Amino acid sequence: MSTTGKGGKAKGKTASSKQVSRSARAGLQFPVGRISRFLKHGRYSERVGTGAPVYLAAVLEYLAAEVLELAGNAAKDNKKTRIVPRHILLAIRNDEELNKLMANTTIADGGVLPNINPMLLPSKSKKTESRGQASQDL
């Protein structure tokens, strides 16, 4: 005889057998179920495997953590405690791989990287040195 009741669940199970999300099983913070739903309803393919949303969630979580870490460092360098779009832009553009990944991306309110062509900078010539010596000769 089986111990199953009306609902099909075993009677011996306790309340500790709660559902565990796929994000928790994978050890992720990003929602695997939501990403799975987006993949299915987005009509990217007729069928979506069970591992695809887990892998995509892991990749997105890694990229977000990487950008946030670099943006936090940029905020610290500017003596700020809050990350603003400017810090995110500086983080992405100063990292070679992230810059290549997001080359054609515009970040709203990010501004531009500070860059002055060395040719436009005033050159340090001997004229400034001779002025100092001339004043001492008098």
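The chain as shown is numbered from 1 upward.
Glycine too: its Cβ is placed from the backbone N, Cα and C atoms.
Over in Swiss-Prot, the protein carries these features:
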{"type": "CROSSLNK", "residues": "Lys124", "note": "ubiquitin cross-link"}
{"type": "MOD_RES", "residues": "Ser2", "note": "N-acetylserine"}
{"type": "MOD_RES", "residues": "Lys6", "note": "N6-acetyllysine"}
{"type": "MOD_RES", "residues": "Lys9", "note": "N6-acetyllysine"}
{"type": "MOD_RES", "residues": "Lys11", "note": "N6-acetyllysine"}
{"type": "MOD_RES", "residues": "Lys13", "note": "N6-acetyllysine"}
{"type": "MOD_RES", "residues": "Lys18", "note": "N6-acetyllysine"}
{"type": "MOD_RES", "residues": "Ser123", "note": "phosphoserine"}
{"type": "MOD_RES", "residues": "Ser125", "note": "phosphoserine"}
{"type": "MOD_RES", "residues": "Ser130", "note": "phosphoserine"}
{"type": "MOD_RES", "residues": "Ser135", "note": "phosphoserine"}
{"type": "REGION", "residues": "1-23", "note": "region 'Disordered'"}
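Sequence features, as recorded in Swiss-Prot, placed on the structure.
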residue : record               : contacts (Cβ under 8 Å, 6+ apart)
Lys18   : N6-acetyllysine      : none
Ser123  : phosphoserine        : none
Lys124  : ubiquitin cross-link : none
Ser125  : phosphoserine        : none
